[in-house]
């Protein structure tokens, strides 16, 4: 694990991560091993290239966006804090332990935060709304080449229109959440092994 | 039989092939052919057989002394009988399969083994009906030496290794103990039934019953996997069924052999406990020994494929020969050849796949499928032949009780064994899963073969066994096979029928992709130390020995290599965003604002989405025993890759920021202050490592460029672009870095973090000369800048750098 700085510092940070992300120690150590595996150059952080090197990821139409979500604000490298992103995908716990305490921030893997994460994938310019253009871009990514631009435009308009309740021409986060009310987002965005 | 030159005119050959079965029947009658195709100057009929002979112009001087005239056309069926008939059967089965798949609904309804059995029965019926004088007979050596290995090899080769090894504990426990439990359970129960005098079975002793139990417990559930496909059974369940199929054959055969040895050696009364212990010990030795042999041969063949770059035509040969050799070698020592060949395939696969050329890889896959298909077909034909015949001994009690006990004992073994193994699993199997496993206990060719090959001397009531086996096979394959599909679908509780809105469809698919992507990032680290240790060992030593050098380290490159150049060019030429094949009325419309759309339009939109959205990559390749189906996912993958490349180049050509994200400067995101040693040297390494690793650029991607700008060395550029562009802005912006990337307040209750960035001091090193400059107009000299980060001062960061503490 890199060179040894102060041991206690590390421990403290580890606890910080554990508390923040909610991972168990075993999981965290597994993730750390994964981090080290991905970090082929052994320089302690991952670049975009390291993530692009994951073979299976290349077949994903959303690869670029997913990878970019690990590097917010255009950074080029990320260290082990990448678990912060992964924490979003922990399965939901059954009881909501922070329900009684409005001051405490919701855990990273709460339904709301999961939805937020997904919302970010659409909202590239970070203005809090998914415009029709952004919707179109997403559609273009995940639909095959046989669909024409015109068709996609129509579909994008329709999509925005369906979700847009206040007529703003774009989908805000709340509208996004509401349109996915019936879907079991918690289940869809949970990865079993991260429990 | 006089010798003959086989140069028959074309017309002769085509007739039997065209008229298939019916003519086969006719041909079987010796001499009957004479009525059909013999030309006018017919042969003399003094001999009972007719001979094929050469063309008319044969010197007749020598034969003028003979009694008969020289036959001009004659027919010799005996010479070609065996290969001829075998070929016809295989051809017939293939035609039946074609028909089977032409009708789309059938494969979902019943497993393909049903079809094969029907064909077998048909052929058997024909052979029986025409009173063939030498019906095909399968004997022990043919089965064990020729027919069985391909089937097992194919199963081992196509097994997905990662889930297999993750679940290996459960799989071994279930297959091993399950086979034993079933075998002994059924055997003992039947023995008890045999004791009942009324059934007339008292001469069947315990050993024979046990043997029968071991035979009948050889299941072949893989056949149901195809039926499951639509129901998306989870990976664990899939793996259990696959693993069971794989190991079950081996274990049954081992058990069978041991019991046969017992039968030969002792009379029943002489068997002592020490023999039983010896039996167990032998069981383990045989099993483990077989696996050991297999692994050794696997490594040897992987090693050899390392050197076959220049003669890639023999690569498939090496793979097959070594696998077969492992089987034979194990059999020589009375070890389990089946387990050997399975282990060989599993070991070999990983390394061989990386070593061999793409075409060899495809050849191996297809050839394997073909061989196993042929073997299985032949076995089913034999089964069909013995079904239709007079050789049966029907005993109601035996047959019925066998059937009942098979089901009961399978249920017992499933529920009991899984109950135990669930205690140790992180993800236990639900009752639903267990029901599916219970119900998928189809018997197949394996049981039949073992029954058929029972030595008659030791088993006077062999016919009864064979009959019972056949009944079980027919029952399970047809009845269980056909109903398991609906059962699985029924158990898989579906969502409500309400149609999803377009929003939901889109977002669902996006989330699926997202989840798959994140899963890929997470990898499949497991809780098991052993596996990780093996991986490390593998990387350090094994791969160096067994895998060729000069392999592209980057996966993208190897993937690109597999892209067909032609397809890439085509896509570029027609324009990626080409016209559609869909005819919808919306094409002409321009919808603006809140124009109302008719329901049909919405419907058609939904349809377009559903049909055209990319499929989420499946973790476990869907395995079909009789077919190789990788076309759509390959095509989709290629499309995605090409498009991404295209988009990339497009965006770069515009010289502007990439279509994603705001690049507000270089920041090294540090969430934690783990101090790392030597960032300088490490990064210098990074630079070279990163940019030169995919150096095997033997035209990775065609030199055909998408754009008129001369761009070569595609991949390297692609990689370095993200670095270049930001550096540009950096230069222009005079190194003013954007501090504090605080996200917009619109983020609800998310923990907002302030990430004070590292202050990187970009150092522009002139990079190696492999990159041409002058690609971007602005760039003049430096093409691949590398920058390193300041050595981080741990202390300094710790205070100001508390990204994870909530800031409210």
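Placement of Cβ uses the backbone N, Cα and C atoms for every residue, glycine included.
Listed in TrEMBL:
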type     : residues  : note
COMPBIAS : B:769-779 : compositional bias 'Acidic residues'
DOMAIN   : B:90-489  : domain 'Cation/H+ exchanger transmembrane'
DOMAIN   : B:579-686 : domain 'Sodium/hydrogen exchanger regulatory region'
REGION   : B:734-808 : region 'Disordered'
TRANSMEM : B:12-29   : transmembrane segment
TRANSMEM : B:86-103  : transmembrane segment
TRANSMEM : B:109-130 : transmembrane segment
TRANSMEM : B:142-159 : transmembrane segment
TRANSMEM : B:171-194 : transmembrane segment
TRANSMEM : B:206-228 : transmembrane segment
TRANSMEM : B:240-262 : transmembrane segment
TRANSMEM : B:283-304 : transmembrane segment
TRANSMEM : B:324-346 : transmembrane segment
TRANSMEM : B:366-388 : transmembrane segment
TRANSMEM : B:441-459 : transmembrane segment
TRANSMEM : B:465-488 : transmembrane segment
Winner by Cβ pairs under 8 Å against the transmembrane segment (B:109-130), considering only B:86-103, B:240-262, B:283-304, B:366-388, B:465-488: B:366-388
Cβ pairs under 8 Å between the transmembrane segment (B:324-346) and the transmembrane segment (B:86-103), at least three: no
Segment-segment contact (the transmembrane segment (B:366-388); the transmembrane segment (B:283-304)) at 3 or more Cβ pairs under 8 Å: no
Average pLDDT across the domain 'Sodium/hydrogen exchanger regulatory region' (B:579-686), rounded to a whole number: 55
Contact set, same chain, for the transmembrane segment (B:240-262): CB under 8 Å, 6 or more residues outside the stretch: 152, 155-156, 159-160, 164, 167-168, 170-172, 174-176, 178-180, 183, 207, 210-211, 214-215, 217-222, 224-225, 271, 275, 279, 282-283, 286-287, 290, 334, 336, 338-339, 342, 429, 433, 437, 440, 446-447, 450, 455, 458, 623
